[in-house]
Amino acid sequence: MFNLFLAVFPEIFIINATFILLIHGVVFSTSKKDDYQPLVSNVGWLGLLSVLITLLLLAAGAPLLTIAHLFWNNFFRRDNFTYFCQILLLLSTAGTISMCFDFFEKERFDAFEFIVLILLSTCSMLLMISAYDLIAMYLAIELQSLCFYVIAASKRKSEFSTEAGLKYLILGAFSSGILLFGCSMIYGSTGATHFDQLAKILTGYEITGARSSGIFMGILFIAVGFLFKITAVPFHMWAPDIYEGSPTPVTAFLSIAPKISIFANMLRVFIVASYGGTLQQIFFFCSIASMILGALAAMAQTKVKRLLAYSSIGHVGYICIGFSCGTIEGIQSLLIGIFIYALMTIDAFAIVLALRQTRVKYIADLGALAKTNPILAMTFSITMFSYAGIPPLAGFCSKFYLFFAALGCGAYFLALVGVVTSVIGCFYYIRLVKRMFFDRPRTWILYEPMDRDKSLLLAMTSSFITLFFLYPSPLFDLTHQMALSSYGSF
């Protein structure tokens with residue numbers, strides 16, 4: 001029992017830390033004696049410290065993972081797969097918070113609730129990763145979504161941010177309804193919500209008649225709900241507007257953290273409980289459609305954030321290749337893809353945040369960046385080359401393993417589409433590099449120096465992206481253990 005308490009202590013700690021920060025912010029920001037001081041940076045540093053302490057607690061609980069634990073009435077599961085996904089999620093959250101502080105100062109953004117909501121959504125995503133029951137999964141997804149609706153509209157003086165929050169609320173509520181309907185159909189047809197029970201029912205017995213169609217429709221609706229959350233085509237329509245309208249740190253967080261938790265939960269639901277031929281065909285179609293639309297739509301974009309939004313949709317298509325395979329190699333390549341995508345996206349948005357200090361909004365504004373700030377231009381170029389999958393950068397390694405997994409399971413068309421869309425993607429990524437190094441701007445912009453937090457973050461992520469090919473085996477060993485752990489769930 002004591003070991004079990006230690007296993008869930010990271011979640012308990014970060015939930016309590018979030019509530020303490022909320023009380024701290026409310027008390028001091030409304031205190032007349034303290035002159036109603038703005039607390040967003042103060043709460044931000046304390047929030048970052050809370051995330052790092054949660055990381056240490058997770059690392060301390062690693063020896064308990066020799067066997068998988070089910071806890072809280074078997075609603076949650078702790079194993080190697082959970083552990084590594086949670087570490088990646090916390091690292092992404094820490095990276096996002098660390099790039100926010102200069103934004104708070106420059107934009108005079110003083111809503112400390114922003115950090116509290118990011119921490120609260122992180123709590124829900126930690127629980128979502130370890131969820132092992134349809135009820136726990138749905139409640140965790142809903143808590144995460146409610147936090148996202150608010151932080152998307154957190155820049156109250158901007159009509160774009162308000163519009164983004166409202167669009168996200170309406171479309172997100174619609175997708176949550178579809179997800180809940182799918183869960184209820186599965187429960188109505190099987191009488192079970194626990195993943196182990198569903199796995200035994202769906203693999204051990206022949207299901208016929210109305211019960212069979214109820215289960216099929218339930219799984220289909222759950223798949224649609226998940227595909228909406230990860231912005232896969234044809235459920236991507238909300239992403240570009242919301243990514244553009246939200247404050248840039250929120251866009252960075254929405255691009256990375258939900259994808260880690262949702263993909264982890266998708267692996268739990270579909271690989272453990274139910275994975276059939278029809279479902280595989282759905283993911284094949286969504287993967288191909290996301291890669292094609294992400295590549296073609298990004299070519300027409302003139303704004304940096306919209307370009308990154310369509311790039312994100314394309315990368316979801318690449319990551320879905322691993323899911324479509326349904327093999328251990330596919331899951332391993334998916335996990336490698338998510339890890340490298342998270343690092344590249346943190347890198348890209350840290351640079352966009354640094355450039356937005358001088359109101360760089362359009363791709364055309366990047367003209368001659370190499371002459372005014374050569375180090376930043378070089379870092380941005382490395383990130384874009386990695387996104388494009390140019391060897392020997394980390395992005396090439398992730399795409400190589402995803403295509404290799406597709407070839408290994410006989411999905412030759414999927415691998416072919418992936419290669420062709422990668423070549424098309426090179427056009428708009430290299431166009432950004434050409435703009436920075438060779439174009440003359442209409443007006444010369446003097447860029448402000450980057451703050452220390454983003455400089456350190458960029459140094460770490462860029463070093464990993466550039467030097468990953470020298471020693472990739474630790475990540476491959478880690479993801480192989482995770483894939484085996486997810487397959488060994490039952």
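Cβ coordinates come from backbone N, Cα and C, glycine included.
Unlike curated entries, TrEMBL annotations are predicted automatically.
The transmembrane segment annotation in TrEMBL covers 12-31 (among others).
Residues annotated as transmembrane segment in TrEMBL: 43-69 (among others).
Feature annotation from TrEMBL assigns transmembrane segment to 81-104 (among others). Within its own chain, the transmembrane segment (81-104) is flanked in space by residues 10, 40-41, 44-45, 47-48, 51-52, 54-55, 58-59, 61-62, 65, 110, 114-115, 118-119, 122, 125-126, 129-130, 247-249, 252-253, 256-257, 260-261, 264, 267, 335, 338-339, 342, 346, 349-350, 353-354, 357, 451, 453-454, 456-457, 461, 478-479, 481-483, 485-486, 489, which lie at least six positions past its ends and keep a Cβ under 8 Å from the stretch.
According to TrEMBL, the feature transmembrane segment maps to 111-129 (among others).
Among the features that TrEMBL reports, domain 'NADH:quinone oxidoreductase/Mrp antiporter transmembrane' is placed at 131-425.
Summarising the annotation, TrEMBL assigns transmembrane segment to 135-154 (among others).
Residues annotated as transmembrane segment in TrEMBL: 166-187 (among others). Residues 134-135, 137-138, 141-142, 145, 148-149, 152-153, 193, 198, 214-215, 217-226, 228-229, 235, 237-238, 241-242, 245 of the same chain lie 6+ residues outside the transmembrane segment (166-187) yet bring a C-beta within less than 8 angstroms of a C-beta in it.
Here TrEMBL flags 250-276 (among others) as transmembrane segment.
Here TrEMBL flags 307-328 (among others) as transmembrane segment. Remote same-chain residues near the transmembrane segment (307-328) are listed as 230-233, 236, 239-240, 243-244, 251, 255, 259, 263, 266-267, 270-271, 275, 280, 283-284, 286-295, 297-298, 301, 334-335, 337-338, 341, 345, 348-349, 352, 363, 387, 398-399, 402-403, 405-406, 408-409, 411, 414-415, 418, 421, 425, 428-429, 432, 480, 483-484, 487 (criterion: CB distance under 8 Å, separation of at least six residues from the stretch ends).
What TrEMBL lists as transmembrane segment is 334-355 (among others). Same-chain residues lying 6+ beyond the ends of the transmembrane segment (334-355) with a Cβ under 8 Å from its Cβ atoms: 84, 88, 91-92, 95-96, 99, 102-103, 248-249, 251-252, 255-256, 259-260, 263, 267, 304-305, 308, 312, 315, 318-319, 321-323, 365-366, 369, 376, 379-380, 383-384, 386-387, 394-395, 397-399, 401-402, 447, 450-451, 454, 457-458, 461-462, 464-465, 468, 475-476, 479, 482-483.
Annotation source TrEMBL lists transmembrane segment at 375-394 (among others). Among residues of the same chain six or more beyond the transmembrane segment (375-394), those with a C-beta under 8 A of the stretch's C-beta atoms are 311, 315, 340, 343-344, 347-348, 351, 354-355, 369, 400, 422, 425-426, 429-430, 432-433, 436-437, 447, 450, 458, 462, 464-466, 468-469.
What TrEMBL lists as transmembrane segment is 400-430 (among others). Remote same-chain residues near the transmembrane segment (400-430) are listed as 284, 287-288, 291-292, 294-296, 298-299, 301, 307, 311, 314, 317-319, 321-322, 324-327, 329-330, 332-334, 336-337, 384-385, 387-390 (criterion: CB distance under 8 Å, separation of at least six residues from the stretch ends).
The transmembrane segment annotation in TrEMBL covers 456-476 (among others).
In summary, the transmembrane segment (111-129) does not lie against the transmembrane segment (456-476): fewer than three C-beta pairs, each 6 or more positions apart in sequence, are under 8 Å.
Packing against the transmembrane segment (250-276) from elsewhere in the chain are residues 77, 81-82, 85, 88-89, 92-93, 96, 99, 118, 121-122, 125-126, 128-129, 131-132, 134, 137, 141, 144, 148, 151-152, 154, 195-196, 198-199, 202, 215, 219, 222-223, 226, 229-230, 242-244, 305, 308-309, 312, 316, 319, 323, 326, 331, 334, 338, 341-342, 345-346, 349-350, 353, 486-487, 489-490: each is 6 or more residues past its ends and has a CB under 8 Å from a CB in it.
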